[in-house]
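Participant: First the structure, then my questions, so here it is.
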Amino acid sequence: MNPAHLLILAAVCVSPLGAFSNRPMPLNLYQFKNMIQCTVPNRSWWDFADYGCYCGRGGSGTPVDDLDRCCQVHDNCYNEAEKISRCWPYFKTYSYECSQGTLTCKGDNDACAAAVCDCDRLAAICFAGAPYNNNNYNIDLKARCQ
């Protein structure tokens, strides 16, 4: 095989791998981040990524407060959405609007997208109504979330 052809073939095969490994987060989580910023504009979305027992990766034990309970409900909502055929909430994108702190899931979403959008919308609204306790950020999960 011609060396130039090998080089092109290698570039085509390697490029998609690089694109996937460099993606910062699934697109749905990017949308969820934007929903949070819509309802809670004065706080970084990152403040919710490692809060309590349920906000962030995984979840176990008793929620530490109302905000953590919002995340527990969101986790359960995603679990319900996964029951829809071929629905993967962390990767499902959807259509929505944010207008002056109000979130609306659009009507053109399929069943999975509508469910995931509503999960994210309700969580973002819940975050806006729950007090944020700095002492519950980055807690010791083993000690407090059994």
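Including glycine, each Cβ sits where the backbone N, Cα and C put it.
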Participant: In Swiss-Prot, the Ca(2+) site includes Tyr54, Gly56, Gly58. Which of Asp47, Asp65, Asp66, Asp75 does it also list there?
Facilitator: Asp75
Participant: What does Swiss-Prot give as the disulfide partner of Cys119, choosing from Cys77, Cys87, Cys145?
Facilitator: Cys77
Participant: Of the listed cysteines Cys126, Cys145, which one does Swiss-Prot record as disulfide-linked to Cys53?
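Facilitator: In Swiss-Prot, Cys53 forms its recorded disulfide with Cys145.
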Participant: Considering the candidates Cys70, Cys71, which is the cysteine that Swiss-Prot reports in a disulfide bond with Cys55?
Facilitator: Cys71
Participant: Name the residue from Cys98, Cys112, Cys117 that Swiss-Prot records as disulfide-bonded to Cys105.
Facilitator: Cys117
Participant: Among Cys87, Cys98, Cys126, which cysteine does Swiss-Prot link to Cys112 through a disulfide?
Facilitator: Cys87
Participant: Please work out, from what Swiss-Prot records, which of Cys98, Cys126 forms the disulfide with Cys38.
Facilitator: Cys98
Participant: Between the recorded positions Tyr54, Gly56, Gly58, His74, which lies closest to Cys145 (disulfide bond), Cα to Cα?
Facilitator: Tyr54
Participant: Inside 10 Å of the Cβ of Cys53 (disulfide bond), count up the other Cβ atoms and send me the figure.
Facilitator: 23
